[in-house]
Structure formats: structure tokens, C-alpha cells
């Protein structure tokens, strides 16, 4: 069971990273990067934060992080400042995913099982999610990296020309990513199937666009698959399997029962779940919570379920290993655990 769930996430990751890589190789992200005109480090910090926040409320946190970190590579040269922006992306993706039912795996789980409804979760968690983004952004904008000299990368961008039909590939690629939650709600099939379907459509499209052009092989899917960060995915696989083994051994269930027996306050339990999700993946944590409390103990849309969704979603930002977004950023930008702990705790 655990291996099946982990495999679903890995296939989802493979599909998302390949779609982003294809759009990237067609220079599709120029449409976005050209519109982010500011070169002021502090302003860029806030722009990146809010773009990620709203993107992640529609797309999965993981996809949003992959898209935004790929954009940062185009905007900012490799530096401590770019790592800081990447950390902003992780925090914003986790905050943005908490207030919509399709923004995060945990809120989607609660939504599917009937603990929360769409309108109530959006009304209840939008303001707390914005606050949980703005406080870290305000603190980060005081750091030396954000107040450093202006970053210039316009020469880097202007030298790159958009590939033939780059705008079409960008539109279809983004459409494929946005289509995933729609596909899931329409068919009830796992999200990775929607992602692979989107990749299949993009594969047919790029093969048709570049048919007979031998010099454009790098713009096609087989080449893009060879360029994605497989090491990062394998690292991600290891973390998920280790959490799965804790769950299979019954340790997570014992922890849940211990909390239930010793802490009478439900709000405190939800807060502890948030802190624990900084270390343990929030999916098994929320699954354990749903097993501990049914809808008779806490009815649909009660404050407890909203607090669980919020704490588990944003709590993963405290440590880089606490969320899928953090682990993906770690793999893509080669950031280590202690760097994030020093800068972003």
C-alpha cells in the first residue's frame, strides 16, 4: 500500500518535471520572466512570494515549486540570494496550498473524505494563510541577501530566443498542469494519471511541431526526460519510503493514540500535528488524524478540521524535509538541511 502511494507521487513528480522541462526548453517561461521587470532584490522577494502563493492555490504545491524554481533559474544567477528566493517559494507554496481543497494533498484528502467543504475552507483559511506567508517574507526582507546589490540578469535572458511555437507549448504545458485537479474530480482517478495524460498530449504536440526537423531533437520529450533531475526524485523516494515504514510499523498510530490519551484540548492536538509535520510527511499525519477522529467527534467544517488542514499545510515549512515542496527544492537547488534551518526556521 505504502509503495503504491509513494510510486504515485514519484510518477506525478516525473510527469510535472518533464512538462516544466519541455516548456523551459522552448523558452516558454520568457513570457513570465519578461513581465517580472523589477530587479530590486527586496521587491522581487515579495513578487515571487505572492505569485507562488496564488499559483499553489490552483496547482499542487510540488508542481508550483518546480515551476517557480525553474523560473528563478532564469531570473537570478546562482547565489545565496537565489537560495533565499527558493526558500520563499517553499514557504509560499505551503501557505498557498492550505486554503483551497485542490492546493495541497492534505486539504484534498480532507475534502474527499468529507471533513471540509470548498467554500468554508476558503473563507476560514485565506486570511491565516496570507499571514503565514507575510510574516516570514517580512523577516526575510530584513536579511543581508535581500538588501544586497541589485541582481542583473537581463543580458542572460535577452540572448535566449523563444523556440518555434513556444507560446503554444507554454499554454498547453500550463493547461496540462492546471487540468490535473479537474481530471481528478471528474474521473476519480489518481492525480498522477492526469499528469501523465497531460504529458502524453504535450508529447504528441511537440512531435507534430518539430516533425522532420533533425536539429530540434532537444525540444522533444525523450531528450527532456534525460535532462530532469533524477537524483532529486530518488532522494524524494527515499524520504517517502522511510516515512511509509514508520507508518507500517504502527509508530505513527501509537503516537496518535498517545496524543489522544494525554492531551484533552483538540486545538492543541492540531497544533502539535503542525509541529510534527515539520519532520514527518503531512500526508500520513493527516491520515492518522482522520483515523483517530471521525465526523461524529468533530462534524464537517468544524474548527478542528480547518486547523488540521492549516497546521499540517504550513507546518511543513519549518524544516526543509517537512514538505514535498521543500524536498523538491532541496534536490533542484542542492540546498542542504542546515542552510535552510539557519535561514528559515
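Every residue, even glycine, has its Cβ placed from backbone N, Cα and C.
Note that this is a predicted model, so its numbers are computed, not measured.
The domain 'Citrate transporter-like' feature in TrEMBL is assigned to 7-290.
For 44-72 (among others), the entry in TrEMBL reads transmembrane segment.
Proximity of distant same-chain residues to the transmembrane segment (84-102), defined by a Cβ-Cβ separation under 8 Å and at least 6 residues beyond the stretch ends, is recorded for 44-45, 48-50, 52-58, 60-61, 64-65, 68-69, 72, 76, 108, 110-111, 116, 118, 121-122, 125-126, 128-130, 132-133, 136-137, 140, 143, 145-146, 181, 185, 309-310, 313-314, 316-317, 320, 323, 325-326, 329, 332-333, 335, 340, 343-344. Annotation source TrEMBL lists transmembrane segment at 84-102 (among others).
Sequence-distant contacts of the transmembrane segment (122-142) (same chain, six or more residues past either end, CB-CB distance under 8 Å): 42, 45-46, 49-50, 53, 84, 87-88, 91-92, 95-96, 98-100, 301, 303, 306, 309-310, 313-314, 317, 344. The transmembrane segment feature in TrEMBL is assigned to 122-142 (among others).
Summarising the annotation, TrEMBL assigns transmembrane segment to 163-183 (among others).
Tertiary proximity for the transmembrane segment (189-212) is limited to same-chain residues at least six positions away from its ends with a CB under 8 Å from its CB atoms, namely 8-9, 11-12, 15-16, 18-19, 22, 60, 164-165, 168-169, 172-173, 175-177, 179-183, 219-221. Here TrEMBL flags 189-212 (among others) as transmembrane segment.
Under the heading transmembrane segment, TrEMBL lists 233-256 (among others).
The annotation transmembrane segment is assigned in TrEMBL to 268-295 (among others).
Residues 9, 13, 61-62, 64-66, 69-70, 86-87, 89-91, 93-95, 97-99, 103-107, 110, 116, 121, 125, 128-129, 132, 136, 229, 231-233, 235-236, 239, 267, 270-271, 273-282, 285-286, 289, 340-341, 344-345 of the same chain sit 6 or more residues outside the transmembrane segment (307-332) yet have a Cβ under 8 Å from a Cβ within it. The transmembrane segment annotation in TrEMBL covers 307-332 (among others).
Between the transmembrane segment (163-183) and the stretches 44-72, 233-256, 268-295, the greatest number of Cβ pairs separated by less than 8 Å involves 44-72.
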